[in-house]
Each structure stands twice: as C-alpha cells, then as structure tokens.
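Asks: Okay, these came from Swiss-Prot:
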COMPBIAS  1-20  compositional bias 'Polar residues'
REGION    1-29  region 'Disordered'
BINDING   Cys77, Cys78, Cys142, Cys172  [4Fe-4S] cluster binding site
Amino acid sequence: MGLNPTQVSTSGSPQVSQPATGVLDPRTGQPVGADDRYFLEINHELSDKGFFVAAADDLITWARTGSLMWMTFGLACCAVEMMQVSMPRYDVERFGFAPRASPRQSDVMIVAGTLTNKMAPALRKVYDQMPEPRYVISMGSCANGGGYYHYSYSVVRGCDRIVPVDIYVPGCPPTAEALLYGVLLLQKKIRRIGTIER
C-alpha cells in the first residue's frame with residue numbers, strides 16, 4: 001500500500017495533513033497578489049498581443065521584484081521562523097527571494113531578534129556594505145521596538161534607530177506566514193515606488 005506524500009501512517013490508519021494553502025490576504029481571503037493591477041495589466045497585454053510595451057523603469061522594477069536576494073541578520077529566536085520560511089512547506093524562493101551569505105550580494109536584510117547596543121554598530125556596518133537600492137525587513141517585536149526587553153539598559157528600542165526600515169513584521173515570534181506576507185508587501189512596495197525614486 002503506497003502512501004500519498006501528505007499522509008502519515010500511525011497505528012494502522014493513515015492521517016492526512018493539511019496541504020499548504022499559500023499566503024491569503026486577510027481582507028479578501030484571496031491569495032496575495034490576485035488582485036494586483038500591475039500583474040493583471042501585464043497578463044492581459046501578453047495574452048492579447050504576445051508582447052508588451054513598457055518603460056525601462058517598469059521593466060527594471062519587474063526584474064527587481066522577482067530576484068530579491070536577502071541576507072540574514074538573525075539575532076534571537078525569530079531566526080528560527082526565518083529559517084522555516086526557506087524550508088519546503090513555504091519555499092520563499094518560488095517568489096524570487098533567495099538567500100545570500102554576503103551583504104555585497106544582497107538587496108534585502110532581515111533583522112530578526114533583539115538588537116543590543118553592542119551589536120548596533122555591526123548592524124550599521126553590514127547595512128552600509130549592501131549595494132543600492134537596499135531594503136530592510138524588521139522581523140519580530142524585539143527588532144520592531146525592543147519587545148520583551150524594551151526597558152533593558154542594553155537593548156536598542158527598535159532597529160529603525162540604526163537603519164531605515166521598509167517593512168515591519170509583528171509577532172513574538174512572527175510566524176513564517178507573517179514573514180512571507182512581509183516579503184510580498186516589500187515586492188508590492190518596490191513595484192509602487194520603483195527603483196529610480198529610491
């Protein structure tokens with residue numbers, strides 16, 4: 001008897017795990033990006049003529065949103081959820097969001113965890129090594145505003161005091177779905193403001 005990949009055998013009867021549903025927009029219940037005017041126009045134009053005419057900035061923006069390279073700056077327990085988003089269940093690389101080890105090859109830095117006063121200069125140094133345009137995702141309550149350690153003498157009350165933050169992902173720790181939603185919001189922000197303005 002062969003088992004389905006989503007089935008697990010326990011004591012004779014198979015149990016079916018829930019399939020991954022993707023990231024749903026809480027307002028509409030539809031997958032994120034299903035109502036994105038940018039992609040709807042491109043799909044309509046491609047299906048109509050087989051090609052489309054666009055400005056160079058639109059083409060660069062489209063390429064940039066599909067090939068964001070991120071660098072981890074995992075400082076505490078949020079880094080576990082950041083690792084989980086790269087695993088097969090969520091597979092963030094299907095959105096063109098691939099990890100890189102060097103800040104010189106990265107477009108996005110994910111600050112995940114408690115930022116201490118001693119670590120703040122290192123964070124700024126790594127941020128300065130990233131090429132322009134560069135983006136920062138602040139992940140978790142500690143990175144957003146100090147979190148549980150807000151009143152500690154050794155904690156920076158938010159990484160936005162050290163580097164400019166583009167997307168805040170709330171939670172303690174935030175789920176992998178929340179981080180994935182933050183990545184999709186960053187892509188939407190890049191499409192909205194373009195790269196020349198940045």
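Glycine is no exception: its Cβ is also placed from the backbone N, Cα and C atoms.
In the displayed structure, how are the listed features positioned relative to their neighbours?
Replies: Secondary structure at Cys77 ([4Fe-4S] cluster binding site), taken from DSSP and collapsed to helix, strand or coil, is coil.
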Asks: I need the most crowded of these binding-site residues: Cys77, Cys78, Cys172. Count other C-beta atoms within 10 angstroms of each C-beta and give me the top one.
Replies: Cys78
Asks: Which secondary structure state does DSSP assign to Cys142 ([4Fe-4S] cluster binding site), in the simple three-class scheme?
Replies: helix
Asks: Residues with Cβ closer than 8 Å to the Cβ of Cys142 ([4Fe-4S] cluster binding site), same chain and 6+ apart in sequence?
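Replies: Counting only residues 6 or more apart in sequence, the Cβ neighbours of Cys142 ([4Fe-4S] cluster binding site) under 8 Å are Leu75, Ala76, Cys78, Gly113, Thr114, Leu115, Tyr148, Tyr149, Val155, Cys172.
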Asks: With the [4Fe-4S] cluster site defined by Cys77, Cys78, Cys142, Cys172, which remaining residues of that chain have Cβ atoms positioned within 8 Å of the Cβ centroid?
Replies: Ala76, Ala112, Gly113, Thr114, Met139, Gly140, Ser141, Ala143, Gly147, Gly171, Pro173, Pro174
